[in-house]
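Input: a single structure, listed below in structure tokens.
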Number of protein chains: 2
Amino acid sequence: MARMKTVKSPWAGRDRNAEREEKREAVLHAAAEAFAERGYHRTSLDDIAARLGITKPTLYYYARNKDDLVSAVATRALDRILEAIEGDRESTALAQLQHLLRHYAEVMATDFGRCIIVVLDAHIGGPGGDLMQRGMRQIDARMRELLALGTEDGSIARGDPKLTAFMIAGALNGIARWFDEGGALSAAMVAEKFVNQLTAGLAPRR
Amino acid sequence: MARMKTVKSPWAGRDRNAEREEKREAVLHAAAEAFAERGYHRTSLDDIAARLGITKPTLYYYARNKDDLVSAVATRALDRILEAIEGDRESTALAQLQHLLRHYAEVMATDFGRCIIVVLDAHIGGPGGDLMQRGMRQIDARMRELLALGTEDGSIARGDPKLTAFMIAGALNGIARWFDEGGALSAAMVAEKFVNQLTAGLAPRR
């Protein structure tokens, strides 16, 4: 008798994957919320499990430990900023920088973005911490590059690209510390205002 | 017989006080260095005692606990910023704001200044934490006030004082995270460049 061919239904498979993916999403969102609210040291896996109404053993199915979890959350936010790193090469360097900063600012106003700061502040090591360090250096390098290119194409005033990039990063990372989702300004509005203020400077233009 | 008047020598008294004061200074400096290097959670009173070559019981004579110690360090830095809050009332609002920002930036480049961020990030409560929150709010309020006054006297471009103050605080608090005392730029140079960049903006002035 010929061996019966077992066909794995793609539908069944997809459903299981979709279900797992959906649960993983819920875990990441609960973790982002918890870490953004309470920081690294005051958040436990118990807190996150409680937010989801699941047991800690169930949570362990999605994350081995706290570092893995906060890193997974922060990595997603980092990826969203990195998406904006390649601007429209036809635009001026200033326009490309503004595009990157707008993205960066908006991400920092989300719970996921706050977790970038949580990971950096808590000096989390391992692959998650390394990834975050590397990603932030990549963003820093791109900002410096655009600042330098901008003095060449005339769209950005001459300055110190390294210090200016640090200044911008400080201003944008700060959003993670004070932004209030229930506040009067949306993340997009804050991003817009920050970019405009950084571009125009404090002194009036005559 | 007349009661003998006992005269407490001011010199002996001053010496003891001076000695205690000197030791307290050493404790504060060692604490500032430790907290600035390793943050709140990874610094212990044992570390600080070890840096001073003293025992923990001796250290307890100067600080009841970690929170007291980091708060005492941060309070000194805060006081240095607050000294610059009252600018020269004859100057434009922009000049007064620049004066405050220069001070603020310079303090943030010191170990003591970094401890302001350590206290805020670690959400330290009690009188020390409250003092820090209050002090930072006072600086924020003064920056907003000067930003508003500046649009009246024409020295500052119209903007959103609240958001601009947040932006500035983010940029300056960031100095505490990256400034390297052994680096090429002094704290004063960083402060100067930051103030100039914030004032001029990214876009070239024509």
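The backbone N, Cα and C atoms fix where each Cβ goes, and this holds for glycine too.
Under the heading DNA-binding region, TrEMBL lists A:44-63. Residues annotated as compositional bias 'Basic and acidic residues' in TrEMBL: A:13-22. Sequence annotations record features per position, and here TrEMBL assigns domain 'HTH tetR-type' to A:21-81. Per TrEMBL, the feature region 'Disordered' maps to A:1-22.
Beyond the compositional bias 'Basic and acidic residues' (A:13-22), no same-chain residue lying 6 or more positions past its ends has a Cβ under 8 Å from any Cβ of the stretch. Secondary structure of the DNA-binding region (A:44-63) per DSSP, as helix, strand and coil residue counts: 13 helix, 0 strand, 7 coil. For the compositional bias 'Basic and acidic residues' (A:13-22), DSSP puts the residue distribution at 10 helix, 0 strand, 0 coil.
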